[in-house]
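K.L.:
The structure under discussion is supplied below as structure tokens; questions concerning it will follow.
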Amino acid sequence: MPFSFPKVYPILDSSVIPSAGRKEFLRRLGGALTNAGVTLLEYRNKKGSNQELLVDAAILRAAMPASSVKLILDDRVDLVRQANFDGVHVDSGDAAPAEARRLLGTAQIVGTYGGTEALLPGILHEPADYFSIGPVFATTTKQTSKPPIGVEGVRKLRKEAGASAVLVAVGGVTLETAAAVLDAGATTIGVAAAIFRAADPAAEFRQWMMTLGSGPTA
């Protein structure tokens, strides 16, 4: 779907959500991030039940109105509509982008992983709105056996993908390295640990936006 991607967006992993006071935490977090200017957020819950995921999703959706924020659900194509989210991110091992597009239609955002020089050329034909690339640097947020591609890897993938593809750089990017990653050709940066392990995630996001600029990139 047509969508102007911001230069940075948060990836909320369920591992940072406390068990005690979970609902209130999400309610406050969603509201604070919306007020901080978040326009896109990915929610990732690899281990939770369908019920937990849908409860979390309902709280996030209520706190982050559809008129202001696009919400992406990681992996679970089957729950996107029930969660009232705006799209899905599918990795290898999940539903293929073509299947996700068939199920969700053209009005929803579909993203997929294309993060290595060997993989990206083979999936650029897929009906995806964006392709995540990385890990750019070492990361502990998401378990992966893939080696970091570095800033030079981002540059090579941009050359391979062409000018029009939306490339989302993920994995270990910090505020200090973000500008170099964007300059190398990333359309936007998906950030998990650097935002959600901060004492104040909303304030941290504001700092990213002030540093990188708040305008859309694609």
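Just so it is clear, glycine is given a Cβ too, placed from its N, Cα and C backbone atoms.
Found this in TrEMBL, in case it helps:
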BINDING   D74, K142  4-amino-2-methyl-5-(diphosphooxymethyl)pyrimidine binding site
BINDING   D75, D94  Mg(2+) binding site
DOMAIN    9-195  domain 'Thiamine phosphate synthase/TenI'
K.L.:
Can you give me the average pLDDT across the domain 'Thiamine phosphate synthase/TenI' (9-195), rounded to a whole number?
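P.N.:
Overall, the domain 'Thiamine phosphate synthase/TenI' (9-195) comes to a mean pLDDT of 94.
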K.L.:
Which is it, of D74, D75: the one of these binding-site residues whose Cβ has the most other Cβ atoms within 10 Å?
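P.N.:
Answer returned by the neighbour count: D74.
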K.L.:
In which DSSP state, out of helix, strand and coil, do we find D75 (Mg(2+) binding site)?
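P.N.:
DSSP assigns D75 (Mg(2+) binding site) to coil.
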